[in-house]
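One structure is given below, encoded as structure tokens.
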Amino acid sequence: MTAPSQVLKIRRPDDWHLHLRDGDMLKTVVPYTSEIYGRAIVMPNLAPPVTTVEAAVAYRQRILDAVPAGHDFTPLMTCYLTDSLDPNELERGFNEGVFTAAKLYPANATTNSSHGVTSVDAIMPVLERMEKIGMPLLVHGEVTHADIDIFDREARFIESVMEPLRQRLTALKVVFEHITTKDAADYVRDGNERLAATITPQHLMFNRNHMLVGGVRPHLYCLPILKRNIHQQALRELVASGFNRVFLGTDSAPHARHRKESSCGCAGCFNAPTALGSYATVFEEMNALQHFEAFCSVNGPQFYGLPVNDTFIELVREEQQVAESIALTDDTLVPFLAGETVRWSVKQ
């Protein structure tokens, strides 16, 4: 006789960092998010990037058109900051409810970020306007100088960019996205109520050994890159502590298989199908399931000044196997934990 499976009921979560891409890829991946999450902060790094209200409205409609009937999902749009962005356009989008936040990519830090910001000084008028109107700044926190080691880029960003910026614009709300280091965990924990962070499932579950020992695992390659074990442990301890300015942001970032399994592969984990169960596994391992709902469903809305979702979902603790791949029009998509047996999954 099998033991009854354990069920975890939580308020419907939100994903505060998500890549949906565009075109056929968007149509394939949207349902994996919209069936579980009430809202998601949608990244603007398309080609070309989303830098105008008009582009954001059109992109939001393409996303909504891809949401299956019966799913109640709201995409929250972001503006891609560039050196030439007009502060008035940004403010208009925020006031009209089109832009929820703006995204700072250091130029060439990650996928489709060649249009990114060359220096914080270059966009200071925009950042000052954001501070004035209360618009959150979302930051990919890595320096991109060629001489700085890839494993050190987040820590260096804190001292050279993040801290000077926050000293200068003390009222600016900042989300330090997808943090990966003890340095960042400590920095956010020691910060004030205007600084928060998101953490991905892969950075909680894995460290760089998992990606590199016994063969390179391209589907664990993302940016910021997985770090050593001490950093992974610091992230796990931060979420397990119940700290209320860290929240769910999957950074789910789909690439077709041939673009991942390549001599020069793309960065990004497509974790939308398995992220929530992965987070539950980590919280269970840390004996911190009492803080799971807040991380998924409460801390984010609280920081953004939005209401929590009023519906609930259930996760069930029973072993299930993750699909090896998901069909695309002319390729396949390999989900995070493909082919593996997972402990927690969303109850259908």
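In case you wondered, yes, glycine gets a Cβ from its N, Cα and C as well.
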**Asked** Hey, Swiss-Prot has Zn(2+) 2 bound by LYS103, HIS140. Any idea which of HIS71, HIS178, HIS203 it lists too?
**Response** HIS178
**Asked** Besides HIS19, LEU20, ARG21, ASN45, HIS140, HIS255, ALA267, which of LEU76, LEU169, LEU223 does Swiss-Prot list for that substrate site?
**Response** LEU223
**Asked** Looking at Swiss-Prot, HIS17, HIS19, LYS103 are annotated for Zn(2+) 1. Which of ASP251, ASP310, ASP330, ASP331 sits in that same site?
**Response** ASP251
**Prompt:** Do any of HIS17, LYS103, HIS178, ASP251 (binding-site residues) have a CA within 10 A of HIS140 (substrate binding site), and if so which?
**Reply:** LYS103, HIS178
**Prompt:** Roughly how many Å separate the Cα of ALA267 (substrate binding site) from that of HIS178 (Zn(2+) 2 binding site), to the nearest whole number?
**Reply:** 14
**Proximal but sequence-remote residues of the same chain as HIS17 (Zn(2+) 1 binding site) (Cβ under 8 Å, at least 6 apart)** = ILE41, MET43, LEU138, GLU177, HIS178, THR198, THR200, GLY249, THR250, ASP251
